[in-house]
């Protein structure tokens, strides 16, 4: 019997102001863990899988139940330790310490590979936490919509003279991460064709407003794309097909999309990528009987897809890796030029990271959408001179359906995170918001990750693989008074390829919270500016000087 599978479970986080825990700090952790498993949020909630292949919120259902039980009794001077999704200890700390400290999927480097992890996973000794799955701050596909939108806007500026009109994007994958691309693309003015092998995922994205139409053949999908481009009204199409097949067929036909990328779960060849010619049912059977054959077939198909991406790039498509490590997988299968197209971070996002700008997010614990709309207005009030940000907030309200507890993603940096958080805390204090707000971010942020094939690819000083930075980030956030802190391995790009940390803090309207918010939400993005200044980026050096950061070696 699989202790991780229970189809009878239907988890919905409590709404309103009635507490089940002893404080809003522990109530927030409980609600956010539960929200990660909401049926409109998680990919396979019955298996505790939130997104990204096998990214889980808890190791098994027994561990989940025990975490909830402990959070309900946890005192204001206690800290719960969670080891790869399993609650292992409660210790006396102090009121400004984190209420929860989480470590997920961490392995000694020599053993940091999928083969060793999968053995531990089968024995019930480990859990893959992805990034925000095991750190309890996933908010559905909205979590990466703005970053994806900003990337596609940057691509239009860089490749199409600033206009995406009549342009279309080819991509793959409609899981928790890939599901953001169709909506982000149409918001940025492109039509989007996304290949997906699991029809239930296409239907889910259509139900939640991320995909407009479904197609069952390439010809049908292309007809939808061409009609939309002629009408001037972008459309997103979910095509029920294998990405490797479709990408290759387009090369054969000589059809060149304007933008080519991919967000299948290529980081996990065993669980995340369906080989060409395989059905979902056959793959599920083979995972139980011959894991090595699954991995080999998946990586061979990834090699086919990457060769097609390279061919489309050579034919003129703006081509980028969107952070799923597909280039690495193809390289290991003999595609020696797999890295000839860039990752999206060095190509389009790094200047933002240099100023500590990244995916800041917050959640209304009340469950009331009005609390989010009021915070949207507060963001506009406090950042009046950023029309692109205002445009994002307007589009988000109009086009993004909340999944689970109402939430908002908003890319802001060192200059703004702390003051926004303090304003939200004041809104809770004066009753403008009906309940406290949870504030967090993706682990994909400026100072919280080491990932040489994604966030830290092609660093100016060659420090791509140095992972001291996310470790220091987690330690500093713990010392600064975050509500819960997490340290993970393997998120986004798979085992052996990344280390990263997460932070969440509660704005409960108290003066004590204000002090913690001011520290955490200054220090956290400041580590990103520090990391990039240390690597030699002038934008980061200037930001550090302007904001008065004390970096002893700056200018040395």
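Each residue's number is its place along the chain shown, starting with 1.
Even glycines carry a Cβ here, placed using N, Cα and C.
Source: prediction; values computed, not measured.
Residues annotated as NAD(+) binding site in Swiss-Prot: 52-53, 130, 176-178, 196, 201, 242-243, 263-267, 273-274, 322, 492. Other Cβ atoms within 10 Å of the Cβ of residue 265 (NAD(+) binding site) number 28 in total over all chains. Secondary structure from DSSP puts residue 265 (NAD(+) binding site) in coil.
Annotation comment: Swiss-Prot describes 410 as active site. Cβ-based neighbour count (10 Å, all protein chains) for residue 410 (active site) stands at 20. Residue 410 (active site) falls within a strand segment according to DSSP.
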Task: For residue 52 (NAD(+) binding site), nearby residues of its own chain (Cβ under 8 Å, 6 or more apart in sequence) - done: 130, 131, 133, 175, 176, 177, 265, 267, 268, 272, 491, 492
- [ ] Name the one residue among 196, 243, 273 whose Cα is closest in three-dimensional space to that of residue 410 (active site); these are the binding-site residues.
- [x] 196
